Amino acid sequence: MNFLHFLTTSLLLLGGSRLALADSASSAIKIKGNAFFNSDTNERFYVRGVDYQPGGSSTLVDPLADTSICKRDLPYLQGLNINTIRVYQVDNSANHDECMSALQDAGIYVILDLATSSNSISRLDAASSYNAVFLQGIFATIDAFKNYTNVLGFFAGNEVANTAENSATTTWVKAALRDAKEYISKNSDRDIPVGYSAADVAEIRVQCADFFACGNSSVRADFYGMNMYEWCGADSSFTISGYDQRMEEFANYSIPLFLSEYGCNDVTKESDGTPDRPFDEVDAIFSSEMSSVFSGGLVYQYSEEGNNYGLVVIDGDNVTISKNYETLKEKYASAANYTGDGDYSSSPATLTCPADDSYFTSFPLPTMPSEAKGFIESGAGQPLGFNAPSNQEFSANATALVSPGPHSVSTTINTNIVQATISQSSTSGSSSGSSSASTTASSSSVSSGSSISSGSSSMSTSYTSASGSSAHSSGSSSGSSSATSSASTFNLSRFYVFAGILAISGLVFA
């Protein structure tokens, strides 16, 4: 797409929109009390956006690294009158300057998931998936995006706990969130918020939210997202949907709360079978009816991925907008007029951590794996991107031997334990000789036990919302059984690269 075509498309889409001359997203977003604010103007910031992952969240595609994707989609994103997108996974080894700069100029902020479909906390075995490989990956992603002012924040996990039975998995997600916050405090020039995006599970809805918001500032989430699809169709309302009950449940919530996914598609269908989504909930979300508790939301989702949630249909370089796109465009144009502090709470009391009950279980947060502690002080090292070894491979019992040239790495991977022996021989200057170093590392055992199996093989990455509509299946939400590799499929070359980072950086401790 050449620049003239890009500009023409932008003007056609924007038409008479009040955002034709969008404000730049050059001011960082900060948190005060239970709300977001523009750090320069001190005006309250309401998240008004869409979830954006062309190709689907289970496919390893980085839409912020491919400039052709950015140039294709940006006019349509602007046309929706949005100020925020959520991106579910990125390649931390790629360059994102052009896309992030274009989004900033268009007045669009980014909320980014740190996990990927191959590097995430597994709901099937959360304890062992919380390891050095996982942390190196999310730290490297922080490094890749920390200098972009229009990064609003990071999600440490997405829908990892999707039933009451696997609620204990939140323990390891919160540990990862804590570690990400510490990494940012030591390795970033600005304090970028870190939060969690939760499935809307009625039995644990409040307990899960309170769990992430409780504790001191070093461990609690900075914000909280809910994936909520309860408002369904033109016959729904503030009370029928249960939104009034959500307002009561979270009236005293202490951190910014927003809908990280919303937009039910269990509605009246068009003649071609596509849903006619009225998006009437937008009128409530961006009003005094909800602004004291909620700070906006993100409609799921921008592109059609075979699940009837898409606002546009993408075919190569061609984008076709739907009736749903036009509906949301008008709703968001009206929502953009809602300003003011929204009766937010400037100094809410810190929440008490929920007690375990028949629905919700938590454990003391595990200590950071010893192999990963050096990343905090020395940095994550080389970003490995989508070629990184999966942390799920470290979750299975496996043994690998890698011998590329003069280096050899013998690694035994057990549940919750990584043992590595690294030997190296070298020749230097006019004299020859060899030196060897042997180091063994064992990750810290979790105080609550060596392992917790938080689900059964019947658990999947999809869930059903309270309204009964089946929501999407997100590859970055957790490691499913298909993401866990056996020893026979363990990728040795990728593991060697990672082991080399540990060895060279001196991060494998005796």
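Every residue, even glycine, has its Cβ placed from backbone N, Cα and C.
Swiss-Prot has this to say about the protein:
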| type | residues | note |
| --- | --- | --- |
| SIGNAL | 1-22 | signal peptide |
| DISULFID | Cys70-Cys99 | disulfide bond |
| BINDING | Tyr88, Asn158, Tyr300 | (1,3-beta-D-glucosyl)n 1 binding site |
| CARBOHYD | Asn147 | N-linked glycosylation site |
| ACT_SITE | Glu159 | active site, proton donor |
| BINDING | Glu159, Asp200, Arg205 | (1,3-beta-D-glucosyl)n 2 binding site |
| DISULFID | Cys214-Cys353 | disulfide bond |
| CARBOHYD | Asn216 | N-linked glycosylation site |
| DISULFID | Cys232-Cys264 | disulfide bond |
| CARBOHYD | Asn252 | N-linked glycosylation site |
| ACT_SITE | Glu261 | active site, nucleophile |
| CARBOHYD | Asn318 | N-linked glycosylation site |
| CARBOHYD | Asn337 | N-linked glycosylation site |
| CARBOHYD | Asn397 | N-linked glycosylation site |
| REGION | 424-456 | region 'Disordered' |
| LIPID | Ser485 | GPI-anchor amidated serine |
| CARBOHYD | Asn491 | N-linked glycosylation site |
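Known features from Swiss-Prot, placed on the structure.
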residue: Cys70; record: disulfide bond; CB count, 10 Å: 20
residue: Cys99; record: disulfide bond; CB count, 10 Å: 25
residue: Asn147; record: N-linked glycosylation site; CB count, 10 Å: 12
residue: Asp200; record: (1,3-beta-D-glucosyl)n 2 binding site; CB count, 10 Å: 25
residue: Cys214; record: disulfide bond; CB count, 10 Å: 18
residue: Asn216; record: N-linked glycosylation site; CB count, 10 Å: 7
residue: Cys232; record: disulfide bond; CB count, 10 Å: 24
residue: Tyr300; record: (1,3-beta-D-glucosyl)n 1 binding site; CB count, 10 Å: 26
residue: Asn337; record: N-linked glycosylation site; CB count, 10 Å: 8
residue: Cys353; record: disulfide bond; CB count, 10 Å: 16
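Across the structure, Cys99 (disulfide bond) and Asn147 (N-linked glycosylation site) are spaced 14 Å apart at their Cα atoms.
Fewest other C-beta atoms within 10 angstroms, among the recorded positions Asn158, Glu159, Arg205, Asn318, are seen around Asn318. Counting in whole angstrom, Asn337 (N-linked glycosylation site) lies 22 from Glu261 (active site, nucleophile) by their C-alpha atoms.
Glu159 (active site, proton donor) sits 9 Å from Asp200 ((1,3-beta-D-glucosyl)n 2 binding site), taking the CA atoms of both as reference points. For the recorded site, Asn252 (N-linked glycosylation site), the DSSP three-state label reads coil. The C-beta environment of Asn252 (N-linked glycosylation site), restricted to residues of the same chain at least 6 apart in sequence and closer than 8 Å, consists of Ser345, Pro348, Ala349, Leu351.
The two recorded residues Asn147 (N-linked glycosylation site) and Asp200 ((1,3-beta-D-glucosyl)n 2 binding site) have their Cα atoms spaced 32 Å from each other. Reduced to three states, the DSSP call for Arg205 ((1,3-beta-D-glucosyl)n 2 binding site) is helix. Cys70 (disulfide bond) falls within a helix when secondary structure is assigned with DSSP. Here the Cα atom of Arg205 ((1,3-beta-D-glucosyl)n 2 binding site) is found 14 Å from that of Cys353 (disulfide bond).
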